[in-house]
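Shown next, in structure tokens, is the structure this report addresses.
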């Protein structure tokens, strides 16, 4: 047996806490979500957003993302749930595994849009702040695939091949025990980490705003998925025009990303001056109370003394404090 990257013992894939079974894969997903929320919050706050805005959006985006991820998986693995001898009720058994990142993007976008509407944050401003954080979250989440002995590709003789026990349900027939496989989870993990740096650098270099940083994320991630899906040995059961559904989904992501970059660049050549929807800018607060108008200068005191009522200029606000940008 050639030495390669070992797979963790399956006993590491879950552990018990009292009557509860905790899955390592779920912990990786939660760690990814937490990291993404933290980085997105820092980035949005640095651009003038309220520190709590991201949390208010996340509580909508995450449930919708999970729902979208599950529905996408079920639709692209229809025979596993509605085929002969299958139990359709298993669609509800999310804890057994079976979610798709491409589906989470669709569902999460719907949830984020709702959250942005409720908080007064521009959807594209939030999406740009999220772009590198999504790649970071997906990189962390891919570690869960390693613990679960999943997301591996075709056999390989490369020294970084992944060791998979022959007892694995996805182990291909006719392949000898000890065969190494492409570690697709690792390829995507490294690609996503590189993508964090690429998005941050290009965003700063070209001033990517108005959704263009998010468009770049879609192109970067979608391009990788097209290649990785071609290496998988457990493709989706739905294959329109001979291509796995995930390949089509990745191609749509790339196309949509390019369209966002081009269209938004033409529609908004100007710099983004606020992450808030016009009219939804928050009032500055000091110790929990609305900020008081600045003391009138001598030039503005004269009209006030003449009997006119001088108030703060409509829309004038003190820029909120910012953290250093940090995904």
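For all residues, glycine too, the Cβ spot is worked out from N, Cα and C.
Nobody curates TrEMBL annotations by hand; they come from automatic prediction.
Residues or ranges marked as compositional bias 'Basic and acidic residues' by TrEMBL: 270-285.
Summarising the annotation, TrEMBL assigns compositional bias 'Low complexity' to 289-327.
TrEMBL lists 270-327 with the feature region 'Disordered'.
Residues or ranges marked as transmembrane segment in TrEMBL: 20-41 (among others).
When Cβ-Cβ distances below 8 Å are used as the criterion, the transmembrane segment (53-72) is approached by residues 33, 37, 40-41, 44, 91, 94, 98-112, 114-116, 118-119, 121, 126, 129, 249 of the same chain, each at least six residues removed from its ends. Per TrEMBL, transmembrane segment is recorded for 53-72 (among others).
Within the chain carrying the transmembrane segment (92-116), a Cβ under 8 angstroms from the stretch's Cβ atoms is held by residues 23, 25, 56-74, 76-77, 80, 122-123, 126-127, 130, 138, 141, 148, 150, 225, 246, 249-250, 253, all 6 or more beyond its ends. Taken from TrEMBL, the feature transmembrane segment covers 92-116 (among others).
For the transmembrane segment (123-141), same-chain residues at least 6 beyond its ends with a Cβ under 8 Å from one of its own Cβ atoms are 28-29, 31-33, 35-40, 43-44, 47, 49, 54, 57, 101, 112-113, 115-117, 188-190, 192-193, 195-196, 199-200, 203, 208-214, 216-217, 220-221, 264, 272, 275-276, 327. According to TrEMBL, the transmembrane segment annotation covers 123-141 (among others).
Residues or ranges marked as transmembrane segment in TrEMBL: 184-202 (among others).
Listed by sequence, the residues of this chain that lie at least six past the ends of the transmembrane segment (214-233) yet keep a Cβ under 8 A from its Cβ atoms are 102, 124, 127-128, 130-132, 134-135, 138, 151-154, 170, 172, 181-182, 184, 187-188, 191-192, 195, 198-199, 202-203, 208, 244, 246-247, 249-254, 256-261, 264. TrEMBL lists 214-233 (among others) with the feature transmembrane segment.
The transmembrane segment feature in TrEMBL is assigned to 245-263 (among others).
Note: the compositional bias 'Basic and acidic residues' (270-285) comprises 0 helix, 2 strand, 14 coil (DSSP; helix = H, G, I, strand = E, B).
Using a Cβ-Cβ cut-off under 8 Å and counting only residues 6 or more beyond its ends in the same chain, the transmembrane segment (184-202) has close neighbours at 5, 131-132, 135-136, 138-139, 142-143, 145-146, 150-153, 160, 162, 208, 213, 216-217, 220-221, 224-225, 228, 231-232, 327.
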